[in-house]
Amino acid sequence: MQAKVVIVGSLNMDLVTRAPRLPRAGETLAGQSFVTVPGGKGANQAVAAARLGASVAMIGCVGDDAYGEQLRAALLAEGVDCQAVTAIAGESTGVALIVVDDSSQNAIVIVAGGNGQVSASVVDRFDALLSQADVIICQLEVPMATVGHVLKRGRELGKTVILNPAPASGPLPAEWYAWIDYLIPNESEATALTGVPVDSVATADAAATALLASGVGKVIVTLGEQGALFASQSGSAHFPAPKVKAVDTTAAGDTFVGGFAAALAEGKSEPDAIRFGQIAAALSVTRSGAQPSIPTFNEVQGYQP
Ligand code: RIB
């Protein structure tokens, strides 16, 4: 039987424009292309975990509109259990307005729509899914109160609890840290959480030390092409990133989180799960879009540096 990963999080339709560079305030730029692509950090992580070997269920909300139907269909096509993807009457589906520039960097504005309706009572209706999980993953694109509720419930149930604190604008509630087994921020999120400016392996280590002192189990700071910093009470280790030519970094972090979770749930060691997630994320940045860019298990297994 495949390991079970349950994700409580967001589903967005990504409205993606490619432009030579990101626009400045007040500026109108001519874009080169426009596509709509299934995304949302929660749904991206669900697709990543499913493509990368886990049995996955998603808990989230969409609007009762065409985008909501398309996002649900995209997850179903990957074999994700969508019994807990709830369509809210009169609500719009979450969207993300994304600009990707010629250097593969992006800027994203999200409008929550249905994601804002993922309440603790919605989650409680699907408590049986949480009970069956091996690993539970949350991000921060649904209400904070709900995330706290899920982390606490995951800890009560004795599950492996992962928080990808994205997007983060400040410190997390202090009581959350004891409920988290793996906290996985990127540089800017680690900075927002700790106040330590993170832009290198050394500064990531400093931020991770502060997070461990807050009571979190283990920390993985993702650093893009600088790799990842893993830290626990036993010490820290740097994992260099596979070298690839980046086309679009959207959902690279989500691919890492989903891949890491799938590998961990399958019983891989932490170093092997980190390397597996890193290869998956590296392959994802060589392709455009969020969910379409996420590789399969066989692609990751067959990766040659
Ligand atoms: O992490 C990438 C995702 O962030 C995009 O798919 C977009 O929907 C935003 O949520």
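Cβ coordinates are placed from backbone N, Cα and C, and glycine is handled just like the others.
Those TrEMBL annotations? Automatic predictions, nothing curated.
Here TrEMBL flags 3-296 as domain 'Carbohydrate kinase PfkB'.
Per TrEMBL, the feature substrate binding site maps to Asn12, Met13, Asp14, Gly40, Lys41, Gly42, Ala43, Asn44, Glu141, Asp254. All chains included, 24 other C-beta atoms sit within 10 angstroms of the C-beta of Asp14 (substrate binding site).
The ATP binding site annotation in TrEMBL covers Asn186, Thr222, Leu223, Gly224, Glu225, Gln226, Gly227, Gly253, Asp254. Asp254 (ATP binding site) carries a helical DSSP state (H, G or I). Within 10 Å of the C-beta of Asp254 (ATP binding site) we count 31 further C-beta atoms, all protein chains included.
Secondary structure from DSSP puts Arg287 (K(+) binding site) in coil. Annotation source TrEMBL lists K(+) binding site at Asp248, Thr250, Ser284, Arg287, Gly289, Ser293.
The active site, proton acceptor feature in TrEMBL is assigned to Asp254.
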- Pick out which of the binding-site residues Asn12, Asn186 has the most other Cβ atoms within 10 Å of its own Cβ. Asn12
- Query: Which site among Gly227, Gly289 has the most other CB atoms no more than 10 Å from its CB, taking these as binding-site residues?
  - Reply: Gly289
- Task: Taking the recorded substrate site as Asn12, Met13, Asp14, Gly40, Lys41, Gly42, Ala43, Asn44, Glu141, Asp254, identify the other residues of that chain whose CB atom sits within 8 Å of the mean position of the site's CB atoms, giving them in sequence order.
- Result: Gly9, Ser10, Leu11, Pro38, Gly39, Gly94, Ala96, Ala251, Ala290
- Task: Go through Thr250, Ser284, Ser293, the listed binding-site residues, and name the one with the sparsest Cβ surroundings, counting other Cβ atoms within 10 Å.
- Result: Ser293
- How many Å separate the Cα atoms of Asp254 (ATP binding site) and Asn12 (substrate binding site)? 13
- Task: Starting from the Cβ centroid of Asp248, Thr250, Ser284, Arg287, Gly289, Ser293, the recorded K(+) site, name every other residue in that chain with its Cβ within 8 Å, sequence order please.
- Result: Val247, Thr249, Ala251, Ala252, Val285, Thr286, Ser288, Ala290, Pro292, Ile294
